[in-house]
Amino acid sequence: MWSGWWLWPLVAVCTADFFRDEAERIMRDSPVIDGHNDLPWQLLDMFNNRLQDERANLTTLAGTHTNIPKLRAGFVGGQFWSVYTPCDTQNKDAVRRTLEQMDVVHRMCRMYPETFLYVTSSAGIRQAFREGKVASLIGVEGGHSIDSSLGVLRALYQLGMRYLTLTHSCNTPWADNWLVDTGDSEPQSQGLSPFGQRVVKELNRLGVLIDLAHVSVATMKATLQLSRAPVIFSHSSAYSVCASRRNVPDDVLRLVKQTDSLVMVNFYNNYISCTNKANLSQVADHLDHIKEVAGARAVGFGGDFDGVPRVPEGLEDVSKYPDLIAELLRRNWTEAEVKGALADNLLRVFEAVEQASNLTQAPEEEPIPLDQLGGSCRTHYGYSSGASSLHRHWGLLLASLAPLVLCLSLL
């Protein structure tokens, strides 16, 4: 009975090759749409956005998780490029920095037209698939990029923003971030302020995906209950597998299922294993858990490549996606489930967001109250009349009367 023992390693190798071959076969027909990649930030950090610097050539770019050969090897067919500006730009130059990073994405697509197709719709993604190009979309990572302005939000939409992450790792005046749940930030909005609710409604009206990565649990729940369309978590994993507050807890996963929304799993080691080291199999554990709790329709990929310092063994860069798909097939995921995670789930959610939009509806116009705006370097134009300025004028009046009150008290 042991006469064939020497064949076992060969059988294992052949089985591994089978799953890898199957992964490539599936991905040729259904390439992956990744929800979050920070290559634009690397282009700023390494080259100050000088894309014509010979070192910035994306066909030979070194030292990053992402370049054109790696995208091709990984069967990446769609990418939300992250337009990110750090939290320390809030109330300073966040809007300018955001515009510059959007410009980088546009220029990158124009410089490599044989590889990238800039798109703003689900139909555009499908067109890129047909042309064998990487559908390139813009996701703005952090609500501080709109500077608490509905007008800025609409302008960013016109420039191509197709998802907005409501916060990064800092509160905005209208939404709370995930550090509230760790105790490292104080809650300001109890999820969403009234102005934050208007932001959600305006994103729905425009047909912009709402991204709940980085937000507090209260903000997750408030948005899932308010939004008229499904939402995404562009780069978040499962809290029950790794208890990082950047991940999505099971009660929220159940809301994701109820709203037909989407969790695109982040590959950062500390959100996968809760340690500095992780591996591909542990990423698959997160995908399994989300599928179990929220359903196969709720699963996607948001690797956070080039935005994190540590990625799992076996997922060293964007070229490794076929190995992750092979692992899911090894775990008895069906071809339909795999295709859903690769692209179909994101396309379904995006199409639902587009269908829920209503550009003929009047836009949200009520600005944020002046006393809720942060930062000292602001003018008050437009607040000189109406309720918002009334509180300010009363405050100035009371301040001017303070010396008189003090004098009277001394009489």
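Each residue's number is its place along the chain shown, starting with 1.
In case you wondered, yes, glycine gets a Cβ from its N, Cα and C as well.
According to Swiss-Prot, the cysteine that forms a disulfide bond with C274, out of C242, C377, is C242. Residues H36, D38 are given by Swiss-Prot as Zn(2+) 1 binders; from E100, E114, E131, E141, that same site also lists E141. Among S145, S169, S385, the residue that Swiss-Prot annotates as GPI-anchor amidated serine is S385. According to Swiss-Prot, C87 forms a disulfide bond with C170, chosen from C170, C377, C407. The recorded positions near E141 (Zn(2+) 1 binding site), taking a 10 angstroms Cα-Cα threshold over the set H168, H214, C242, are H168, H214. The Cβ of C170 (disulfide bond) has 18 neighbouring Cβ atoms from other residues within 10 Å, across all protein chains displayed. For the pair formed by H168 (substrate binding site) and N279 (N-linked glycosylation site), distance between Cα atoms is given as 26 Å, rounded to the nearest Å. Remark: D304 (substrate binding site) has H36, N37, D38, H235, N266, F267, Y268 as non-local neighbours, by Cβ distance under 8 Å and separation of at least 6 in sequence. Take the binding-site residues D38, E141: by the count of other Cβ atoms within 10 Å of each Cβ, the lowest one is D38.
In the structure as shown, the Cβ atom of H36 (Zn(2+) 1 binding site) sits within 10 Å of 30 other Cβ atoms. Each of N37, W41, F80, W81, S82, Y84, G139, T165, S234, H235, D304, G307 belongs to the same chain as H36, D38, E141, is absent from that list, and has a C-beta within 8 angstroms of the C-beta centroid marking the Zn(2+) 1 site.
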